[in-house]
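As recorded in Swiss-Prot, the features of this protein are as follows:
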type: ACT_SITE; residues: Glu351; note: active site, proton acceptor
type: BINDING; residues: His366, His370, His406; note: Cu cation B binding site
type: DISULFID; residues: Cys583-Cys627; note: disulfide bond
type: DISULFID; residues: Cys585-Cys634; note: disulfide bond
type: CARBOHYD; residues: Asn26; note: N-linked glycosylation site
type: CARBOHYD; residues: Asn64; note: N-linked glycosylation site
type: CARBOHYD; residues: Asn462; note: N-linked glycosylation site
type: CARBOHYD; residues: Asn494; note: N-linked glycosylation site
type: CARBOHYD; residues: Asn680; note: N-linked glycosylation site
Amino acid sequence: MADVFESLELLFDRPNEPLITPKGENNSVFQLTEQFLTEDYANNGIELNNRFGDDASEKIPLKNLSKLPEFKIATQLPKDAEFSLFLPKHQEMANELLGVLMDVPENELQDLLSTCAFARVNLNPQLFNYCYSVALMHRRDTRKVRVKNFAEVFPSKFLDSQVFTQARETAAVIPPDVPRIPIIIPRDYTATDLEEEHRLAYWREDIGINLHHYHWHLVYPFTANDLSIVAKDRRGELFFYMHQQVIARFNCERLCNSLKRVKKFSNWREPIPEAYFPKLDSLTSSRGWPPRQSGMQWQDLNRAAEGLFVTIDEMERWRRNVEEAIATGTVRLPNGQTRPLDIDTLGNMLESSALSPNRELYGSIHNNGHSFTAYMHDPEHRYLEQFGVIADEATTMRDPFFYRWHAYIDDVFQKHKESAYVRPYTRSELENPGVQVRSVSVETPGGQPNTLNTFWMLSDVNLSRGLDFSDNGPVYARFTHLNYRHFSYRINVNNTGSSRRTTVRIFITPKFDERNVPWIFSDQRKMCIEMDRFVTVLNAGENNIVRQSTESSITIPFEQTFRDLSAQGNDPRRDELATFNYCGCGWPQHMLVPKGTEAGMPFQLFVMLSNYDLDRIDQDDGKQLTCVEASSFCGLKDKKYPDRRAMGFPFDRPSSSATSLQDFILPNMGLQDITIQLQNVTEPNPRNPPMSV
């Protein structure tokens, strides 16, 4: 019999299929009672369930609940509808369901299994999957339950819609024990290079990048009845920093592709020239995602079904109030009092999360911006159209307009950082007395000195867990993505003092702007992308620090982005892999390095060894934890953010004196010119399953 953790994991399997059918690779069947049957299966559900059970390798009994949970709001979402947290009505539904799942008494796991099974049977599969994932991450008794890879459970959110007809044919015709040829996904399936934004499709539509965004919002939801789920340490600041780094990385990629930095969307009444045709179909709704034509505009939203009533006038009023808060350095509270504005508060105001200090006054600018864009084609629900990809956390980064909108959001944060209420760093805050960086470099095995190399890779993703109503057995899709040759940082440091700890902060930045001229510091600081941050010990005298690119505190390993959960069932690292539920929101390892150019694009490597006395947090540093990957973007579970400095330090604010990055350098910092060169070759991923040929 499957243990309760394995049974909970099976609730992710084939989300659009009813629970009466077998789940998982072992053909496991939940033994349902009348309590768990919907009206559709009231007459023959038990008989069907028993028939499936005759062929099952294991049967999972479900405990009858003494009191059935009530879902007065959540049941209003049809099972074949799309779900979006940006919609007020859907937020209410999620809060109701999440509250029920969190309220099951701790360690009553059979009750939890039955409650979750009842919710899965009766509610929309996407709504259930989101709330179930958040609950598993935030309940103390389910930390060993692995949240399944969202791209494998809902593959239609990530892959060309044409794939699924071929996938069903493969599943139906080829026996599971026969090697199956992967279905090839073309690199250019959403547009051609006649559309200049398509040059960035490899980045915007990357499965790992979109999983990163979805997973980050699972770990940091902006709404819940239980505020402890939302109120994590420096949550609003992390919303700023994660998205600021996304925009900086996107702008680096634009320069690599001979495009200008993204233009912020600040005039909310002008036409939007960026079109997007996603070429995705939803397996939940059996409809295609709506495209956006060039030249469409935001319009007032009046959609009763989603509880979405908001006007552009309201958005502009909220913007004026936020601008006033930045200009005065104060936030007005509902009771009329004020308090100082800081970056964490501003993040919660702008998103806005349940922690917003005054939602009536400051509104929900970020979230409604997504909704305005997602409903331009049907703002009044006249044509019964669903939202566009920008309103789904798993698909939003595919849309070119996502970056224009977030360039505006980031600009608001930057105005705060540049205001009179955020002072530039003093020399004593930046320096590390007695520490001198003599040289910094990067080294790629077999490569040129101070040169990073990127290339294309073919990787497989298993579709079978999300391929409803088809035979078991793996069905692979093969897609092309960017990758890089692993490298090491080498830092030579002289420490004239005694042995001490230091935080090593590593960034890279393009050397020239889009006009091919050197940057001014006020612009270049916003283009600095964090590559790594770690604490190390400096001995007295000379120190040679070597750090592998794969150890980055920004990223999660490739295996965790595209992890095969079925293979982890008996893995001795099960607890460690389950902790991925939390830290899995990190940046994908294969996208750590910008693409560069075939000729080689000039970048600069910046390394800083900061004063640990000003960095340290009085808690365990996380090294005793099984999962410390991606702490820069994800924090540490149930702990404070592992760095006392402002996120993005030392580039999060202007300098009082430096006009260039070279001017900014102090003895405890190093700057080195490097080159990023694209090797325009495509290689198969050695991790691809052996049966894919």
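Every residue gets a Cβ built from N, Cα and C, even glycine.
In the set Asn26, Asn64, Asn494, Cys585, Cys634, none of the recorded positions has a C-alpha within 10 Å of the C-alpha of His366 (Cu cation B binding site). For Asn462 (N-linked glycosylation site), other Cβ atoms within 10 Å of its Cβ number 23. Residue environment of Cys585 (disulfide bond) contains 24 other Cβ atoms, counted within 10 Å of its Cβ in all protein chains. In sequence order, His243, Glu351, Asn367, Gly369, Phe402, Trp405, Ile409 are the same-chain residues whose CB sits within 8 A of the CB centroid of His366, His370, His406, the residues recorded for Cu cation B being left out.
Of all the recorded positions listed here (Asn26, Glu351, His406, Asn494, Cys634), Asn26 has the Cα closest to the Cα of Asn462 (N-linked glycosylation site). Candidate binding-site residues: His366, His370. Fewest other C-beta atoms within 10 angstroms, His366. For His406 (Cu cation B binding site), the same-chain residues lying six or more positions away in sequence with a CB closer than 8 A to its CB are His243, Val246, Ile247. For Asn26 (N-linked glycosylation site), the nearest neighbour among the listed recorded positions (Asn64, Glu351, Cys585, Cys634), judged by C-alpha distance, is Asn64.
Comparing C-alpha positions, Asn494 (N-linked glycosylation site) sits nearest to Cys634 among the recorded positions Asn64, His370, Cys585, Cys634, Asn680. Here the glycosylation sites are Asn26, Asn64; the one with the fewest Cβ atoms within 10 Å of its Cβ is Asn64.
Local packing around the Cβ, expressed as the count of other Cβ atoms within 10 angstroms, is greatest for Asn494 among the glycosylation sites Asn494, Asn680. Within the set of recorded positions Asn64, Glu351, His370, Asn680, the entry lying nearest in space to Cys585 (disulfide bond) is Glu351 (CA atoms). Here the Cα atom of Asn680 (N-linked glycosylation site) is found 35 Å from that of His370 (Cu cation B binding site). Fewest other C-beta atoms within 10 Å: among the recorded positions Glu351, Cys634, that description fits Glu351.
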